[in-house]
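Below is one structure, written out as structure tokens; the observations come after it.
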Amino acid sequence: MPAATKDSDGGWKKFLWNSEKKEFLGRTGGSWAKILLFYVIFYGCLAGIFIGTIQALLLTINDFKPVYQDRVAPPGLSHTPRSEKSEMSFKVGDPSTYQKYVKAMHDFLQAYNDSKQENMMKYEDCGDTPKSYINRGELDNNQGIKKACIFRRSWLDKCSGLEDPTFGFSEGKPCLIVKLNRIVNFRPRPPTSNDSIPEEAQSKVQPDVIPIYCTNKREEDAAKVREIKYYGIQEGFPLQYYPYYGKQLHPQYLQPLVAVHFTNLTMATELRIECRVYGQNIAYSDKDRYRGRFDVKFTINES
């Protein structure tokens, strides 16, 4: 085999540029131009198809009304303060153990301060007793921005944070602020019978309000979870705050709240409590523990 010379390059230089055939990487200028033109047209068509499908999709979307709302699940029931795994543990004699809960409640209730609801161009007084739904028109902007019902923080009484800034945590009598999550154009329907409601909660069934009831989740805790008080409009979610028209049409909307006050919990033991709302179109799911209900675990110690 002849020895390789210093000029030997394996032919790669000629492959890069063949001066005899005027080829770059094995193709002439005309060939490269045809390939470039092909890919420009090919990817241009792909981009056109993609843009066309997006435009077609956007034509089916209403800016104000959900198209497939029949597939939306019933609203979830959530509470403030939230905690990891819904477990709340604190010491009555150590404010640092419950300060994060108190701060979360104050932050959440800022929007419900009277000073934030003074503009009567954005808010209206819907009363402090339950009423039927308020019809503010269709889900479009023909009538402009919808007014929101006022909900006064003071209606939460001892759980408002106005008189007791610790929301009962400093006494071992904690509060939870409960709300139904927002769903556009959803109208919760109150129960019409007591068939699906625990006997202890049947007195809460009344027109124009969605009742809420909390109790011990485990039978062995029945004697340890005693008096529970509820604050808000008729201790439930009044219908005049529904429906919700969405962020664009209802930017000032305030959800009605219910404060749950646990006034007599046994200390130094783990207690699991479940809260549920009751309505004709409110369902529960084992796969979603916040659909129409939630449970929370308290562990309260003296110090």
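Positions of Cβ are set from backbone N, Cα and C atoms, glycine also.
A quick note: this is a predicted structure, and the numbers were derived from the prediction, not measured.
The topological domain 'Cytoplasmic' feature in Swiss-Prot is assigned to 1-34.
Beyond the transmembrane segment (35-55), the same-chain residues lying 6 or more positions past its ends with a Cβ under 8 Å from any Cβ of the stretch are 27. Feature annotation from Swiss-Prot assigns transmembrane segment to 35-55; the stated evidence is sequence analysis.
Among the features that Swiss-Prot reports, topological domain 'Extracellular' is placed at 56-303, with the record citing sequence analysis.
In the three-state DSSP reading, N113 (N-linked glycosylation site) counts as coil. Around N113 (N-linked glycosylation site), a 10 Å sphere centred on its CB holds 13 further CB atoms from the protein chains shown. The N-linked glycosylation site annotation in Swiss-Prot covers N113 (among others) and is backed by sequence analysis.
The feature disulfide bond is assigned by Swiss-Prot to C126-C149 (among others), with similarity to another entry given as support. Taking the Cβ of C149 (disulfide bond) as reference, residues of its chain lying under 8 Å away and at least six apart in sequence are, in sequence order, Y123, E124, D125, C126, I134, Q240, Y241, L254, P256.
DSSP classifies C159 (disulfide bond) as helix under the three-state reduction. Sequence-distant neighbours of C159 (disulfide bond) (same chain, six or more apart, CB under 8 Å from its CB) are F167, G168, C175, L176, I177, Y231, A259, V260, H261, listed in sequence order. The disulfide bond annotation in Swiss-Prot covers C159-C175 (among others).
Taken from Swiss-Prot, the feature N-linked glycosylation site covers N194 (among others). DSSP classifies N194 (N-linked glycosylation site) as coil under the three-state reduction.
Feature annotation from Swiss-Prot assigns disulfide bond to C214-C275 (among others); the stated evidence is similarity to another entry. Around C214 (disulfide bond), the same-chain residues six or more apart in sequence whose CB sits under 8 Å from its CB are I228, V260, I273, E274, C275, R276, listed in sequence order. DSSP assigns C214 (disulfide bond) to a strand.
What Swiss-Prot lists as N-linked glycosylation site is N264 (among others). For N264 (N-linked glycosylation site), the same-chain residues 6+ apart in sequence whose C-beta sits under 8 angstroms from its C-beta are K173, V225, R226, E227.
For N194 (N-linked glycosylation site), the same-chain residues lying six or more positions away in sequence with a CB closer than 8 A to its CB are Q202, V205. The average pLDDT the prediction assigns to the topological domain 'Extracellular' (56-303) is 92. When secondary structure is read from DSSP and collapsed to three states, N264 (N-linked glycosylation site) falls in the coil class. Between the listed disulfide-bonded residues, namely C126, C175, C275, the fewest other CB atoms within 10 angstroms of a CB are found at C126.
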